[in-house]
Amino acid sequence: MEDCDGKNQVKKTKNDVLEIALPVLVELFLGTLFGMIDMMMLGRIKNPQIAAASIAAVGITNQPLFIGLSLVQALNVGGTAMVARYVGSKKYDRIETVIRHVVLLNLVLLVIPLFILGMLFTENIMGFLGAEQDAIQVGHNYFKVIMIGFIFQAFNLSISAVLRGAGDTKTPMKINLKVNMINVIGNALLIYGLLGFPKLGVTGAGISTCLSHIIASIFLGRYILKNDSAVKVNLKNHFKYDKNIIYNLIKIGVPASLEQVAFRVGVLLFVKMVASLGTVAFATHQICLNILGLSFTPGQAFGIAASSLVGKSLGANELDEAENYIKESRKIGSIISTTMAIVFFFFGAQIVSLYTQDPEIIKSASTILKVIAFVQPFQSSQLIIAGGLRGAGDTVWTLVATFIGVLVLRVLFAYLFVNVLEMGLIGAWIAMFVDQFARWVVIYIRFRTGKWKYISIR
């Protein structure tokens with residue numbers, strides 16, 4: 001009888017994980033795939049110099065954009081953890097208050113200031129990040145358009161985060177699939193000037209992306225105002241300052257924000273070293289990052305599932321169940337990531353040829369994909385366990401792991417391999433492998449202590 005109960009519990013745990021993770025996996029996978037298609041479209045611009053400069057411009061622009069989005073997501077981590085705890089402890093009346101605080105704080109503290117800085121210092125920022133003149137010339141309008149879209153993208157991330165905290169991953173998936181399809185169609189029309197639309201190149205890609213974020217904001221805004229929404233907001237209710245919500249956001253969000261700062265500073269220093277290798281090398285790097293993004297999806301999806309389920313379990317004071325959710329998420333995610341590693345290792349050249357016909361880029365990128373293949377097991381495991389820790393509100397140790405891995409080891413080894421030993425782009429990617437392995441070690445040790453189960457949220 002006990003064996004039967006145990007099997008049923010394992011099956012329930014697996015089903016709970018899959019119910020939340022699969023919609024996120026589909027959303028992230030197809031979203032990344034659409035992003036890959038966008039990059040392929042830019043790579044297929046007839047003039048090879050403009051094509052390489054366009055890809056490099058997108059890569060450069062993404063760095064400061066990702067800093068802003070990462071800080072927004074850091075604050076959202078607190079929102080996700082609180083909503084999951086409140087659902088687990090059945091304190092549903094607290095959820096709307098969390099949404100209002102998260103959206104408002106993101107807007108005032110991050111979105112508006114970063115938007116102003118991005119618009120005023122576009123070329124300075126691109127130049128600081130190592131962009132060559134051809135990439136700046138091609139990409140400065142793209143940068144400005146993307147910063148407009150950042151306002152709406154930040155809102156979308158906040159709402160999606162609280163929905164996932166409540167266990168609703170299907171709504172963000174459906175909305176993101178719709179707008180990603182719109183984005184790809186818009187890119188085709190505006191990059192190449194099809195059906196009478198202006199031929200705008202990389203700027204057209206930016207306009208299409210910006211419009212897709214605006215449309216997503218409309219869809220998400222309408223949804224949370226509906227009566228059957230998992231995180232309903234009533235506009236008739238006035239905003240009320242809640243010191244406990246602020247305390248939780250600071251307690252969880254500040255370490256998460258510092259983690260993102262450490263990550264992005266490390267990445268910026270890393271990108272500057274890669275950009276110094278030239279436009280073609282940086283375009284190769286960007287293509288490899290684009291493909292790597294696809295391999296992040298299992299870890300991210302099951303990390304989000306672990307975050308939501310761990311938060312709910314701890315809210316209901318079910319500590320062992322919280323640990324089991326992390327273990328099950330990690331097991332399933334590892335199977336998927338291992339499969340992807342095999343594909344990257346043996347079919348790298350074929351994948352890269354979808355982006356470009358340049359034999360130099362194909363040769364270099366396919367070698368890098370073999371490094372990416374070895375990264376997969378450690379990357380997937382640390383992403384999923386870290387997701388579970390964040391769901392528990394334990395963001396201090398994810399900060400420690402990121403600081404050691406990205407800001408110290410990745411930068412140090414990249415400098416050694418790229419600048420001292422002159423190994424070129426492959427050296428930079430070996431440094432990324434060292435980073436991922438180090439983060440996995442720190443995160444796994446913290447998980448094994450079990451201390452994350454006892455973090456309190458007001």
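Even glycines carry a Cβ here, placed using N, Cα and C.
Listed features, source TrEMBL:
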| type | residues | note |
| --- | --- | --- |
| TRANSMEM | 20-45 | transmembrane segment |
| TRANSMEM | 65-87 | transmembrane segment |
| TRANSMEM | 99-122 | transmembrane segment |
| TRANSMEM | 142-163 | transmembrane segment |
| TRANSMEM | 175-195 | transmembrane segment |
| TRANSMEM | 201-225 | transmembrane segment |
| TRANSMEM | 289-311 | transmembrane segment |
| TRANSMEM | 332-355 | transmembrane segment |
| TRANSMEM | 396-418 | transmembrane segment |
| TRANSMEM | 424-445 | transmembrane segment |
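Ranking 20-45, 65-87, 99-122, 201-225, 332-355 by CB pairs under 8 A with the transmembrane segment (289-311) puts 20-45 at the top.
Here the transmembrane segment (332-355) sits against the transmembrane segment (20-45); at least 3 CB pairs are under 8 Å, leaving out pairs fewer than 6 apart in sequence. Taking Cβ pairs closer than 8 Å, the transmembrane segment (99-122) reaches residues 64, 67-68, 71-72, 75-76, 78-79, 140, 143-144, 147-148, 150-151, 154-155, 158-159, 161-162, 224, 231, 233, 239, 242, 245-246, 249 in its own chain, all 6 or more past its ends.
Among the recorded stretches 20-45, 65-87, 175-195, 201-225, the one sharing the largest number of Cβ pairs closer than 8 Å with the transmembrane segment (142-163) is 201-225.
Most Cβ pairs under 8 Å with the transmembrane segment (20-45) belong to 175-195, among the candidate stretches 65-87, 175-195, 201-225. A Cβ distance under 8 Å defines the sequence-distant neighbours of the transmembrane segment (65-87), meaning residues of its chain 6+ beyond its ends; these are 94-95, 98-99, 101-102, 105-106, 109-111, 114, 118, 146-147, 150, 153-154, 157-158, 161-162, 164-167, 231, 245, 248-249, 251-253, 256-257, 259-261, 263-264, 267-268, 307-312, 314-315, 390-393, 395, 457.
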